[in-house]
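Taken from Swiss-Prot as is:
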- 4-145: domain 'SLD' (DOMAIN)
- Ser16: phosphoserine (MOD_RES)
- Ser25: phosphoserine (MOD_RES)
- Ser39: phosphoserine (MOD_RES)
- 40-135: coiled coil (COILED)
Amino acid sequence: MCDSDIKVKQLEKRASGQAFELILSPPSMDAAPDLSITSPKKKECSLEEIQKKLEAAEERRKLHEAEILKQLAEKREHEKEVLQKAIEENNNFSKMAEEKLTTKMETIKENREAQIAAKLERLREKDKKVEEIRKGKECKEPSEK
């Protein structure tokens with residue numbers, strides 16, 4: 001189309017904008033005729049072709065479903081592995097914590113037994129000294145009388 005084929009007519013002027021009307025002139029016979037776009041003609045499909053297409057579609061659906069099931073199985077397997085690993089780590093942590101606690105309790109028990117033994121030894125020493133002092137006093141008292 002040329003610029004002469006279009007005419008612009010102003011309709012209204014407003015604060016929000018302007019309105020125009022475009023007038024297109026009829027196409028001239030000199031210009032190349034417009035090629036009308038037509039859709040390709042559909043050919044008749046036979047019953048066999050339709051059946052083949054349906055079978056192919058069914059096969060695609062089955063393959064797609066099998067792929068989805070495979071992905072789900074892989075996802076479940078991964079989840080099982082992750083869960084198993086978490087359980088294993090938890091068990092290892094529990095064992096380590098139990099061993100640590102047992103070691104700590106044994107150390108505390110040994111220290112307590114050592115403290116008790118030391119106190120008993122001090123008490124025996126005091127008892128010896130008291131006994132020596134008592135014997136010493138008993139020996140001195142008869143001579144004083």
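From the backbone N, Cα and C atoms, a Cβ is placed for every residue, glycine too.
Counting every protein chain shown, the Cβ of Ser25 (phosphoserine) has 11 other Cβ atoms within 10 Å.
Sequence-distant neighbours of Ser39 (phosphoserine) (same chain, 6+ residues apart, CB-CB distance under 8 A): none.
According to DSSP, Ser39 (phosphoserine) sits in a coil region rather than a helix or strand. The Cβ of Ser16 (phosphoserine) has no same-chain neighbour under 8 Å that is 6 or more residues away in sequence.
When secondary structure is read from DSSP and collapsed to three states, Ser25 (phosphoserine) falls in the coil class.
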